[in-house]
Amino acid sequence: MASPGSGFWSFGSEDGSADPENPGTARAWCQVAQKFTGGIGNKLCALLYGDSGKPAEGGGSVTSRAATGKVACTCDQKPCNCPKGDVNYAFLHATDLLPACDGERPTLAFLQDVMNILLQYVVKSFDRSTKVIDFHYPNELLQEYNWELADQPQNLEEILTHCQTTLKYAIKTGHPRYFNQLSTGLDMVGLAADWLTSTANTNMFTYEIAPVFVLLEYVTLKKMREIIGWPGGSGDGIFSPGGAISNMYAMLIARYKMFPEVKEKGMAAVPRLIAFTSEHSHFSLKKGAAALGIGTDSVILIKCDERGKMIPSDLERRILEVKQKGFVPFLVSATAGTTVYGAFDPLLAVADICKKYKIWMHVDAAWGGGLLMSRKHKWKLSGVERANSVTWNPHKMMGVPLQCSALLVREEGLMQSCNQMHASYLFQQDKHYDLSYDTGDKALQCGRHVDVFKLWLMWRAKGTTGFEAHIDKCLELAEYLYTIIKNREGYEMVFDGKPQHTNVCFWFVPPSLRTLEDNEERMSRLSKVAPVIKARMMEYGTTMVSYQPLGDKVNFFRMVISNPAATHQDIDFLIEEIERLGQDL
């Protein structure tokens, strides 16, 4: 790019100093020109800067600190003694950034502007006057923007515009009025840790390429096992891409424990294996059975009571039925915090049955595991210490940025022997350090993302007591919602009694249905209410809450709270918004 002031149409001094009120320099005139649309501003800037021969590329303009000629400071002196220069992104591409020669200055400016975009988004995420979502239908977004991938590179101005556009239409999951999923909130320390993790950009193969992260995973998993109740935090574990994969790990290890020959010889070498889980459990158990060749028909669903808890007597009955057929029960997966009702299976009773029949006991505490951090609520997981394995997702109730899921195993070394393949190019046996820290061979993946650092850094910042306060607050908000709507006109609870978790399940009954008899016609009409209200929520962008049918129950709202930014006022707003949007149905 030609230097400022070198073009035929350049104005003012070569040092680029300018008074915005008196545009007497190329930079100032270029700032004015950027107000023109249709690429005219870029073409004028090209003339002003002496780059008239370079074609101006399309795309929206980005008003940034760098576009005004101020680049990131590279010194520690105050006032700054760094040389000043202009960064016009319209003429810069990714190839101009590091490791390009002289790429430091545009790199610092570009990343600073990306950071500014992110920080603006963060601030907006907590602003209740902003929308949770700027909803557009898929065909609208596809027609409004060109998302296709091109052969030729775009300039950095367009890249910054893409960043802004992407965030404009993204869901603000940190918004205090976003209640749609189990994973909500935006923790600032966790966010900073995620940025650091991406900057380090390493893999969790071995100690030699991820020394600090491997140690932090060891320390953090040990602490989680201590909280579960395993003596001295003994055992094993790994961070996985999510609760579904953690549950599949448990199924894989349980099968290997009972029939180690399956690793080499496959399912043909073992009898038919049967797993058991509740009818309210997560669908990932069946997905895992399909992936491992066990088959979805080999996952038996156990009946639940009206609150969604597994019935132990039905579990034992089904185990005996399977054994009489000559099949082999190998896994019982109990749930601590079901996805819809937030129910906790009776873990002590399940543990007794598993011990009696020598079956691996897994606890899927992906959603409910966070309650172990609370002295007030951890009793709901009584018996989890008797499990052989536990899934625990800190990215749900504990508010750690996605993804952060752990599979904890009580028996040390079992995961390693189950999964190791001794790849000699990674796991050499003659290294000069303790090889037990080369954890990659016990994972199903080869490449593995660093998921531990955000949890570890948040734990250091909050302490266990901080997580406890977070969890206690969310459960108190759920009880507040339940207390308000249980006797409020127009609301019906899906099940009786206080929720055990932050899941509050209810129907909103509009005035037109309140006088109807409780019959099939009423249920049919009621089933259409929640979807319409949800659609209107998204159109207005004011709030979001999930709905679903379950069994013989027609569509109902499932409210979940895991965002510590939410308040009583946000709960009040949700109730008022549901009533406003559903009053005419």
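Heads up, the Cβ atoms here are built off N, Cα and C, so glycines get one too.
The annotation in Swiss-Prot ties Q181, L182, S183 to substrate, and of the candidates under consideration, R558, R580, the one tied to the same site is R558. Long-range Cβ neighbours of K396 (N6-(pyridoxal phosphate)lysine) (same chain, at least 6 residues apart, Cβ-Cβ under 8 Å): L182, S183, G243, A366, W367, G370, S562.
In the three-state DSSP scheme, R558 (substrate binding site) is classed as strand. The Cβ of L182 (substrate binding site) has 22 other Cβ atoms within 10 Å, all protein chains considered. One way to see the shell of the substrate site is to take the Cβ centroid of Q181, L182, S183, R558; the remaining same-chain residues with a Cβ within 8 Å of it are N180, T184, T339, K396, S546, V560, S562. Here the binding-site residues are Q181, S183, and the one whose Cβ sees the fewest other Cβ atoms within 10 Å is Q181.
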